[in-house]
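K.L.:
Dropping a structure here in structure tokens format, bear with me for questions.
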Amino acid sequence: MILVFLGPPGCGKGTQSQFLKDTHGFCHLSTGDLLRTEVHSQSQLGLQIASTINNGLFVNDQIILDIIKKSLEQAETRDVLFDGFPRSLVQAKALDNVLDEQNLKIDCVVSFSIAEDALVDRITGRFNCVDCGRVYHEKNNKPQVEGICDTCGGKRFVSREDDSKESLEKRLKIYYESTYPLINYYKEKGLLIEIDSSQNLDNVKSQIVSVINRF
Ligand code: AMP
């Protein structure tokens, strides 16, 4: 199954992707995570894109497509979940082509809807495990044992540099300009399912599972 998660920064795509990866064995392809791995490796590409990400701007389409193609080739399953990609019509059309080349197609696009003011709280309270990247929130989604990552047992956590209020404003502006039109694009293709991601974590999980169960 090929699934796309669509929604503004902070809507919960990453957390729910992690959940589906753990429970349903999806290959989770998050362009944000893949780019951050590149930045941490301090490769030439990583150095080139670091300031773009920290400024809340979009990384160049060709870089994104190369990363996606490579990751798709390496994926061990055809149950793939795209998180944070596509982010524009150009990327959406490129994804259709990449999938077409492999005789694959998108089965469903889940659109996470949430009021804008809830996003600030979600983003500014967010932190990640340094070792595996798992996403937590200081109020709504803490590790089961304080200071220890549920997934890998790691003990070091960081907040993303681009998770500041200022960067969020920029990221939201770009989201509405470039990514929001994808809602109509996928609606017209009959692929869109909307979920209410302002609800608590377990309710959002149940909505996602009921979407998956339709396929
Ligand atoms: P995310 O983890 O999805 O919030 O992505 C973090 C940052 O990575 C974004 O603010 C962009 O700078 C960059 N990024 C992630 N995915 C894409 C994409 N599909 N196209 C362009 N830039 C991206």
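Using the three backbone atoms N, Cα and C, a Cβ is placed for every residue, glycine included.
Quick caveat, the model's predicted, so the values are computed rather than measured.
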K.L.:
Can you tell which of Arg78, Arg171 TrEMBL lists as binding AMP with Thr31, Arg36, Leu57, Phe58, Val59, Gly84, Phe85, Pro86, Arg87, Gln91, Arg160?
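P.N.:
Looking at Arg78, Arg171, the one TrEMBL places in the AMP site next to Thr31, Arg36, Leu57, Phe58, Val59, Gly84, Phe85, Pro86, Arg87, Gln91, Arg160 is Arg171.
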K.L.:
Match it up for me: which of 30-59, 180-209 does TrEMBL list as region 'NMP'?
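P.N.:
TrEMBL lists region 'NMP' for residues 30-59.
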K.L.:
Going by DSSP, is Tyr136 (ATP binding site) sitting in a helix, a strand, or coil?
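P.N.:
Where Tyr136 (ATP binding site) sits, the three-state DSSP reduction gives strand.
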K.L.:
Given the binding-site residues Phe85, Tyr136, which one's Cβ is surrounded by the fewest other Cβ atoms within 10 Å?
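P.N.:
Candidates: the binding-site residues Phe85, Tyr136. Fewest Cβ atoms within 10 Å: Tyr136.
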K.L.:
Could you pull out which residues elsewhere in the chain have a CB under 8 Å from any CB of the domain 'Adenylate kinase active site lid' (126-162), counting only those six or more residues past its ends?
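P.N.:
Tertiary neighbours of the domain 'Adenylate kinase active site lid' (126-162) are 10, 14-15, 18, 22, 33, 36, 53-56, 171, 200-201.
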K.L.:
Have a look at the binding-site residues Arg87, Tyr136, Arg160 and say which one has the shortest Cα distance to Cys149 (Zn(2+) binding site).
P.N.:
Tyr136
K.L.:
Within the region 'NMP' (30-59), what mean pLDDT does the predicted structure show?
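P.N.:
On average, pLDDT over the region 'NMP' (30-59) sits at 92.
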